[in-house]
Structure formats: C-alpha cells, structure tokens
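One structure below.
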Amino acid sequence: MRRTMVAGNWKMHGTRASVAELIDGLRGLVLPNDVDVAVFPPQLFIDRVIKGLQGAPISVGAQDAAVESGQGALTGEISSSQLVDAGCKLVLVGHSERRLILGEQDETLNRKFAAAQASGLTPVLCIGETLEQREAGQTLEVVERQLNAVIDEFGIDAFVNAVIAYEPVWAIGTGLTASPQQAQDVHAAIRAQLAQKNSEVAQGVRLLYGGSVKAANAVELFSMPDIDGGLIGGASLNADEFGAIIRAAGN
Ligand code: PGA
C-alpha cells in the first residue's frame with residue numbers, strides 16, 4: 001500500500017516573523033499517523049524550520065538543489081549533500097515555475113534529480129501541461145515526455161525512491177483546480193506509462209496532485225485511486241488550512 005503524502009511548497013514566501021508563526025501553527029496540528037507530511041520552505045529558512053519542527057512528524061525538503069551532489073565552486077547554489085547535512089529529506093525537481101520562468105530544461109533537471117538521489121534525498125519530480133497544451137489535447141503527451149526524460153536516462157528504477165507530482169500549470173495559483181476525474185485520468189496514465197516498464201515500481205510510486213488544492217476540494221481529489229496525496233502551494237502557508245488538507249488525506 002502506498003502511504004499518502006501531503007507536502008507544502010512555500011515558494012518564495014515568508015519572513016522570519018511569518019515563518020516563526022507558521023512553525024508554531026504546524027507544531028500545534030494534530031496529524032493523522034497514516035499520512036507523510038513535508039514542507040518545502042525557501043532555502044533561507046530551512047535550518048530554522050528543521051530546528052523549529054524538531055520532534056514533530058513533519059519532514060523538511062528544499063525547493064531546488066544544485067546539479068552537483070557535492071560541495072564545490074558553484075556560486076549561489078546549494079548542493080544536495082549540503083541539504084542532507086542540514087537535515088532535509090526531499091527536494092522538488094522541475095517545478096513548473098522553474099521550468100517556465102527560469103527556463104530549466106530536462107538536461108539540467110536530470111542532473112538535479114540524479115544529484116539528489118546520490119546524496120540520499122528523495123526527489124519530487126514535478127510535471128504538468130500548460131493551458132495551451134491542454135486545450136490542444138496534448139496533456140498526456142506532455143507528461144509522458146517529461147517523465148521519459150528521466151526514464152530514458154536513468155531507467156525505471158529511478159522511481160523506486162522518488163515521488164511524482166502532477167501539477168497542471170493552469171491550475172497552479174489560479175484557483176482553478178483540475179476536477180478529480182481530470183486529475184485521476186492523468187495520474188492513471190502516468191502509472192500506466194511506468195507499468196509498461198515495471199509494474200511493481202508503478203504500483204509503489206506516489207503520485208501527488210498539485211494545483212489550487214485546498215481543504216474544500218482535498219477529500220474528493222484524494223479519494224481518487226491513483227492520487228496519493230498533494231503538493232500544496234498557497235494553502236500550505238496557513239497552518240490550519242494545511243492541517244485540514246492533511247486530515248483530508250488520512251483515513
Ligand atoms: P498552488 O501551488 O497550490 O498555490 O496552486 C501548487 C504548487 O505550485 O506546488
């Protein structure tokens with residue numbers, strides 16, 4: 001059985017004061033024990049979030065990591081081994097904001113994915129189509145291509161220790177959510193694509209949905225058979241709302 005996961009992507013939000021408040025709120029949550037919970041703060045706050053959440057059943061991850069796993073001369077970057085040293089467990093790879101705003105390509109993302117695994121971090125590979133691509137009927141083709149970029153280079157076993165987040169770009173931060181059925185259709189296609197290579201890996205990998213998830217729509221989304229939880233942006237900045245989403249994922 002796949003364990004459900006609910007992860008909060010704080011993006012480029014937070015001040016020392018608001019992060020302290022959020023940590024307090026998270027510490028106060030009563031969490032179901034059948035859900036893995038994680039938060040992805042800005043790099044600047046990772047250390048304080050890890051310290052602040054000590055003893056709470058919440059993992060901390062990074063929103064990005066360097067293309068190299070070890071330390072070195074790479075100004076401005078943070079390596080996955082440094083993140084491990086800080087206490088991180090996970091890292092987002094290929095969030096659409098990095099693909100589309102910063103122009104990160106598959107080749108760079110593959111290096112980040114591999115560096116993360118080499119250091120012992122679990123990569124959360126984010127994939128998803130734009131509105132234009134959906135309207136052109138290219139959704140499945142796009143996510144298949146994004147997934148194949150990893151499979152072609154590292155093989156299907158790369159997903160033994162990875163999480164996949166399907167995030168339709170048109171649903172991110174827009175208030176538009178994919179309907180549970182729309183999301184389920186894509187998740188099922190992703191799992192089928194993986195199963196063509198290895199059904200055990202396909203059955204084991206967690207597929208999170210992301211894109212305007214909130215407490216009000218979480219139960220319906222998480223009840224779909226191939227949706228194993230969510231990657232939550234805006235709603236994860238409010239501890240009570242995030243807590244309600246986590247409870248929606250529990251049984
Ligand atoms: P959102 O963001 O929940 O604010 O739509 C999700 C994400 O980008 O991970």
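The backbone N, Cα and C atoms fix where each Cβ goes, glycine too.
Annotation source TrEMBL lists active site, electrophile at His95. His95 (active site, electrophile) carries neither a helix nor a strand DSSP state and counts as coil. Around the Cβ of His95 (active site, electrophile), a 10 Å sphere holds 28 further Cβ atoms from the protein chains shown.
Annotated active site, proton acceptor per TrEMBL: Glu167, in sequence order. Under 8 Å, Cβ to Cβ, and six or more positions away along its own chain, Glu167 (active site, proton acceptor) finds His95, Ser96, Cys126, Ile127, Gly128, Tyr209, Gly210, Gly211, Leu231.
Long-range neighbours of Gly233 (substrate binding site) (same chain, six or more residues apart, CB within less than 8 Å of its CB): Gly8, Asn9, Lys11, Ile172, Gly173, Gly210, Ser212. In the three-state DSSP reading, Gly233 (substrate binding site) counts as coil. If you look up TrEMBL, you'll see Asn9, Trp10, Lys11, Gly173, Ser212, Gly233, Gly234 marked as substrate binding site.
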Assigned conformation of Gly173 (substrate binding site) - DSSP reduced to three states: coil
Residues Asn9, Trp10, Lys11, Gly173, Ser212, Gly233, Gly234 [recorded substrate binders]: greatest CA to CA distance in Å: 14
